[in-house]
Amino acid sequence: MVQKAASIASSTPSVSWRGWLWDSADVSKEERRFLLKLDFTLLTFGTLGMLIKWIDTSNITNAFVSGMKEDLNLYQNQYNYIIVSWTVGYIVGQWPSNFILTRVPAHIFTFALAGAKSYTHLLALRFVVGLFEAGYWPALYYILGSWYNKRELGKRNGILQSAVSIAPIFSGFLQSGIYNSLNGKAGLAGWRWLFIINGVISLPVAVLAYFFLPDTPHTAKPTWVFTERDIEIAKERMERVGRQPEGKPYTFKTILGYLTSWKTLLFTLIFTMQPFTSAPSTSFVFWLKAHNKKGKPPVYSISQINEYPTIANAFNAVYSLLTVWISDGPLRGRRWPTIIFGNLVAIVVFVLLVVTPVFGPFSHRAPLYIVCGIGGSAVPLTMAWMAELISDNAEQRAFTAASMNTLQFTPGNRGAAVVAGLNVLVFSLITYLAHREKLQKKRNGQLAPTNGVLDSETQSTDGDEKKAVVVGDKEIVPVEKI
């Protein structure tokens, strides 16, 4: 006789408008409480940590256009070399950073940037900041993919990634406010105060994130936040969508298998090209500053140079959130339609940036800078898609996330237009291969229920009648939906 157990997974997919707005509206009361805890801890403090990380990343640009360039005599390609030093540290620290961060907090080096006296000091300090920040981004996406199912993951990834767009907004207005109110206070320039205040903000967030961010379901221990029952719920949810836990050993053969897997290769290739479609938007702030010529009245004030580019960041945040809600809701977990659409629009925008005169009216070129990040807004859905396609191998998911985040390069507008077209081709190839694999698994009887809910053959069609679903050696009987 098959053992029966109460299921915590929702018995119906998100078909109501409430379920599309927020998926927990369609789940059982117990699962809803669990998701509330998860969103409050993992999503909230993960997003705050991501916000601080990207403020640390973007504040160098705001400082550069707010007096640092002149104070430290930074000219020609020295700014680019400072960015490269951070990138080198970021690449080197991808794997060991998770161990280093348990001993030394990265915000110490954000404080230290305020005391930089020369170009050489900036190079060294930015390298260390990149080294310490390296593992946070891929690790957080990996952990999200270990707790949330398909109909939940896109939205959470979108909220997390929105911090990347919100951080420059915060940093821009922060630098503007600091420059107007603190420039010259205690003998320090406004850009130095930016690094000091940034470090002060980082400290409490880092402490809270340390205590509230959970491990993955199969490595987590019961705490005052997550009980033993919560961890059981998490494991069952992941089992239902075929997401396998950690435990497979890393061997040369295993890693070679990852490197030859089309999933690891193509998703890494996409992220190698992804900065090509994001980089032109970062030129907005330098385009504004370039209008100010030495010895002539400034065309744009320091406040305007810091604040105008935040419009582009706001657009990216809103558009990215819109696409993840559409993907999780009306598109029922399909990732490719909005991703490919964004890249097609990006091609047009990048071509217009190439042919539009550089020094023309604000209304001619600025709108293109504002919307040109539309192709790069696919990051949260791309990460969700990767986690879903590599559900059966936790180690490969972690390896692929780190690989995607390591191999990134930055071009100009022409390169961005070409690469946006290549992105369309690669995403189309991933769509085809994923569909082919799904059909193969269906033929072999290996296809797990999708979206974290029951497939059509297991959904209730007769009022309150619900059919059982077998998970492992247990028959799971759905509870009443509330």
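Including glycine, each Cβ sits where the backbone N, Cα and C put it.
Just so you know, TrEMBL annotations never went through curation; they're auto-generated.
If you check TrEMBL, you get these features:
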type     : residues : note
REGION   : 445-467  : region 'Disordered'
TRANSMEM : 34-55    : transmembrane segment
TRANSMEM : 79-101   : transmembrane segment
TRANSMEM : 122-144  : transmembrane segment
TRANSMEM : 159-179  : transmembrane segment
TRANSMEM : 191-213  : transmembrane segment
TRANSMEM : 265-288  : transmembrane segment
TRANSMEM : 308-327  : transmembrane segment
TRANSMEM : 339-359  : transmembrane segment
TRANSMEM : 366-387  : transmembrane segment
TRANSMEM : 415-434  : transmembrane segment
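Ranking 159-179, 191-213, 366-387 by CB pairs under 8 A with the transmembrane segment (308-327) puts 366-387 at the top. Counted over residue pairs 6 or more apart, the CB atoms of the transmembrane segment (339-359) and the transmembrane segment (191-213) come under 8 Å in fewer than three pairs, which marks the two as apart. Just going by CB pairs under 8 A, the stretch in 34-55, 159-179, 415-434 that sits most against the transmembrane segment (122-144) is 34-55. Same-chain residues lying 6+ beyond the ends of the transmembrane segment (415-434) with a Cβ under 8 Å from its Cβ atoms: 262-263, 266-267, 269-270, 273-274, 276-277, 279-280, 336, 339-340, 343-344, 346-347, 350-351, 354, 372, 375, 385, 389.
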